[in-house]
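Visitor: Heads up, here are the entries from TrEMBL:
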type	residues	note
REGION	1-25	region 'Disordered'
DOMAIN	29-137	domain 'MSP'
């Protein structure tokens, strides 16, 4: 499991520039860029948005799920999925309100067998994995 941190929005200036650094992190199964969320004002809707790119660096399919300690405040899209070897996905995290520094995100990942990977990949597509996990409002 990999813990993801978030930083202040781009409109807030931080004295500690290293806290806002964007550097890749590898969990052994997934390459994560950035490992620190950079929330910024959304260009297409209200609220703030952050994105993270996950890439499967293993030789087997990998299942992932992004969790938060404040699910009522954040919409994650897609919240879970399966990445085949070499595949990547951009995950978007959106908040309508204030970003609390105490809010946390946890990325869970698991190596899957080839058959499991194909089965779960088909199931997530059929289940609407791309839909928002939480409806705000």
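Heads up, the Cβ atoms here are built off N, Cα and C, so glycines get one too.
Note that the structure is predicted; figures quoted are calculated from it, not measured.
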Visitor: When DSSP states are grouped into helix, strand and coil, how many residues of the domain 'MSP' (29-137) land in each?
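Guide: The breakdown for the domain 'MSP' (29-137) reads 13 helix, 48 strand, 48 coil.
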Visitor: Which value does the mean pLDDT take for the domain 'MSP' (29-137) in this predicted structure?
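Guide: Mean pLDDT, the domain 'MSP' (29-137): 85.
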